[in-house]
Amino acid sequence: MFPAGSPSHGLLGLPLLQLLLLLVQAVGRGLGRASPAGGPLEDVVIERYHIPKACPREVQRGDFVRYHYNGTFEDGKKFDSSYDRSTLVAIVVGVGRLITGMDRGLMGMCVNERRRLIVPPHLGYGSIGVAGLIPPDATLYFDVVLLDVWNKADTVQVSTLLRPPHCPRMVQDSDFVRYHYNGTLLDGTTFDTSYSKGGTYDTYIGSGWLIKGMDQGLLGMCPGERRKIIIPPFLAYGEKGYGTVIPPQASLVFHVLLIDVHNPKDTVQLETLELPPGCVRRAVAGDFMRYHYNGSLMDGTVFDSSYSRNHTYNTYIGQGYIIPGMDQGLQGACIGERRRITIPPHLAYGENGTGDKIPGSAVLIFNVHIIDFHNPADPVEIKTVSRPPEACNETAKLGDFVRYHYNCSLLDGTKLFSSHDYGDPQEATLGANKVIEGLDTGLQGMCTGERRQLTVPPHLAHGESGARGVPGSAVLLFEVELVSREDGLPTGYLFVWHKEPPANLFEHMDLNKDGEVPLEEFSTFIKAQVSEGKGRLLPGQDPEKTLGDMFQNQDRNKDGKITVEELKLKSDEDQERVHEEL
């Protein structure tokens, strides 16, 4: 694309014949060539031997035309040719600047039409002729091809060839545009194209950086739109032309594809595509967000997509970790929302662009789906869904053994795990680090039969690394129902008495009174205490394993039996340990 005000070149000196063609026709009449009926020609004979398929405009009186020609006599001898001079004739027709025969012969011509004109003497140079070049009473033969036509009353002609269904904005004065173009003369001769240069033509509109006709022709265009823009010479390069590729007084034709448009004053544009119901919180600066996106240029060219990597983009927002436009565009979003974020270059990658997919001065469009977000200071969110109708005197607390059903999913609805898939409830001792911290917290304070919804941020779940089946930095949603609870035991205890243990505990435990208590006697005794409600074992563990562990703790010399000297209550052991430490 050539800028406005480019260097010009002058017209070559005109030969004698062309100067004479600009004179008023000779007055004298000659006999001329015979007409088909045998008499002299009364008017110009026109043979249209090539007519183009499309003829948007025909030459009329007062038009400015550019054409090539060969001039010969009846015997075929050439007397003049614009081709020999490599210079087109550029002149106004129908106003007496040409011989009458040429004036008449050019009327109604189309660009790229070829005509053979037979001009009788009285419409050419008459009985005078041109000394040394055209004899008196000569009939002249012209082969003419019309290459351009325009009028001083012409304006820029704009034809929309393709208009995209979505038009986020139209070109206005002072906008910065990026576009591709093919530039031709009116006859189709190519003089320039952006496609051969490996990049778009980038410029401001209405700031004098373009020829006036292009400034006008681009106004109102949408990104992705294709236009044909025809510009008359006085709104292009005028009488001077441009270098060797654009002749003087040439009409120009541009086929333009607008890639994008923005204004240096633009801000981020937001468009909500889908907003889920029940949005109770919107993202703010400092939140950590997981989202999917498709990134495209304004003409629809995709430059990146998180979906292609099958992984969300995870980042803090409002803290400079991403381009400023995205930092702004993600704030205020709801979990599950879909929004379109349009970012001007000065809030994206600027004049230089980045990599080989985002060119300089490119407007970026992101279609974003917010998967979840949280703040590192977020606690577990607890919502009671239902409570049992009967009074609840005791709730789950630290140390309790609980059994519960749960469904676990991501905030976008993706199902992860469910206890219902295994049939039996999940079991855990609260505070024993057997479940994630957020779930442990959310189960506390529940009544048996109560149902809750727990929203657990990643720092209280599986953190940045995630877990098998759980993405990193994922917020988890639990639906839990407490099936049962049992009071737990103090830390380090496998069995506790409900009341004081029997006096002479060893004698009660030594069932056969042989002075030794093997595992069988030990297990029988403890089971009896449990069945009679005198004590209870550690919940949530196989009773046989618990009994085995208890026996091993008392069998201090590991000979397979407990003696009276070995048997000690844990409370007594703890008391002895305190005295030893003192």
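Glycine is no exception: its Cβ is also placed from the backbone N, Cα and C atoms.
Here's what TrEMBL has on this protein:
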COMPBIAS  555-582  compositional bias 'Basic and acidic residues'
DOMAIN    62-150  domain 'PPIase FKBP-type'
DOMAIN    174-262  domain 'PPIase FKBP-type'
DOMAIN    286-374  domain 'PPIase FKBP-type'
DOMAIN    399-486  domain 'PPIase FKBP-type'
DOMAIN    497-532  domain 'EF-hand'
DOMAIN    542-577  domain 'EF-hand'
REGION    535-582  region 'Disordered'
SIGNAL    1-26  signal peptide
Legend entry - Residues in the domain 'EF-hand' (542-577) grouped by DSSP into helix, strand and remaining coil: 20 helix, 2 strand, 14 coil
Inset, instruction - Tell me, roughly as an integer, the mean pLDDT over the domain 'PPIase FKBP-type' (174-262). - result: 96
Inset, instruction - Summarise the domain 'PPIase FKBP-type' (174-262) by DSSP state, stating how many residues are helix, strand and coil. - result: 13 helix, 37 strand, 39 coil
